[in-house]
Amino acid sequence: MASGILVNVKEEVTCPICLELLTQPLSLDCGHSFCQACLTANHEKSMLDKGESSCPVCRISYQPENIRPNRHVANIVEKLREVKLSPEGQKVDHCARHGEKLLLFCQEDGKVICWLCERSQEHRGHHTFLTEEVAQECQVKLQAALEMLRQKQQEAEELEADIREEKASWKTQIQYDKTNVLADFEQLRDILDWEESNELQNLEKEEEDILKRLTKSETEMVQQTQSVRELISDLEHRLQGSVMELLQGVDGVIKRMENVTLKKPETFPKNRRRVFRAPDLKGMLEVFRELTDVRRYWVDVTVAPNNISCAVISEDMRQVSSPKPQIIYGAQGTRYQTFMNFNYCTGILGSQSITSGKHYWEVDVSKKSAWILGVCAGFQPDATCNIEKNENYQPKYGYWVIGLEEGVKCSAFQDGSFHTPSAPFIVPLSVIICPDRVGVFLDYEACTVSFFNITNHGFLIYKFSHCSFSQPVFPYLNPRKCRVPMTLCSPSS
């Protein structure tokens, strides 16, 4: 009877998590008690998985600040441990029915029994074994099962970690894609806003010009009307006056009448006006996609100083500008400014040697009235060429470049014609907006060099095809006589 009571008491003070006697018991509002260590671990796991804590038994949510130590249960546990350690406590290992030691294990019923139970009708004919033998064999099996479960637990934790990592990776990727989509559409909106602003400015300029001319024409018409009105008044006065007044200077009046010619006002036919057409969104999207695609190959380009170029280079190796003109004193102390040969002397190569792949970079040429940029397959101008006429700037000499002159004339330099092979063939480029920033895309395997007008939303300026890259090529910059620097843009700019 006493052993049964002890069993019931033990069940009441056993932790539902670790199934051992409670250690430093803590109680929740729902009345369930747990070991302090077990409840703490369960709380951390629940917060990580669900974002809130709940009782492991009844699943009722609780607040950590409402947890309280249960000293009454702690005292019961302590007393129970004392009973188990005392001689009286050892009676728990005896049969509750017969009072004999529990030394046998019934295989059929899975119970520990005494020798009198073995002979009873309840266990007659069952297979029984000594508890020590069964315990040893059972311990081996349970130990193996425990190891297997621990391995399964480790695998489960690894799978859990993998899925969390995959979840985080997907979240990061989607967020990155969202950012790119927002940036792309923002850029498209900027393009449309620019087109709208530009079109409105054109209309305002047209309105200002036409109204100005119409106002001038209106003034002339007012003056013309006033002149005719004065002549009519003079004639009416003569007709109403005396004969003397009528005939006095009549020839001059008649001559004035004959010379009256009405000047027609200047008109502006509306049917000849430039008709507004919405931007070619499809074309703009294609240009935008092409620029977005080539920008994936953006490389961080800097210049490589050398003894050949006289260009002035900044400390960060990104800005290139032309040197100051030299002062030469002539006869009788006369001062002359002389520029060195800026066609080639100020040219400089990028530090990156390109032998394969796709490469893209951008150059800031804002506020410059002259520049040359592109790709060069070496920095050795042919001494037989007339450098003043840009004869070296030809693909056959290893230059695939475009340039700007006088702030508005944009050109590409191609190989000379059959009749004038030494002089480059200058290809005038039609650019609606003069570029302040130029993108250069080199596809080594495709043998192409493309130039993009970043200022005008990335529209293609010019493209060299079928380039002969028989050796390493380099980015090329030449600020020419304009002392405003050219700047190699970083990929993050």
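Residue numbering: from 1, along the chain as shown.
Even glycines carry a Cβ here, placed using N, Cα and C.
What Swiss-Prot lists as N-acetylalanine is Ala2, and the listing cites similarity to another entry. Annotation source Swiss-Prot lists zinc finger at 15-59, 90-132. The phosphoserine annotation in Swiss-Prot covers Ser86. For Cys95, His98, Cys117, His123, the entry in Swiss-Prot reads Zn(2+) binding site, with the evidence type sequence analysis. The feature coiled coil is assigned by Swiss-Prot to 131-240, with sequence analysis given as support. Swiss-Prot lists 185-198 with the feature region 'Required for interaction with GABARAP and for autophagy'.
Counting only residues at least six positions away in the same chain, the Cβ atoms of Cys106, Glu108, Asp109, Ile113, Cys117 sit under 8 Å from the Cβ of His123 (Zn(2+) binding site). His98 (Zn(2+) binding site) has a Cβ environment of 14 other Cβ atoms inside 10 Å.
Same-chain neighbours of the zinc finger (15-59): 66-70, 73-74, 77, 80-81, counting only residues six or more beyond its ends whose CB sits under 8 Å from a CB of the stretch.
All protein chains considered, the CB of Cys117 (Zn(2+) binding site) has 21 other CB atoms within 10 Å. Within 8 A of the CB centroid of the Zn(2+) site residues Cys95, His98, Cys117, His123, the other residues of that chain are Arg97, Glu100, Ile113, Cys114, Trp115, Leu116, Glu118, Ser120. Under the DSSP three-state reduction, Cys117 (Zn(2+) binding site) is assigned to helix. The Cβ neighbour count for Cys95 (Zn(2+) binding site), using a 10 Å radius over every protein chain in view, is 18.
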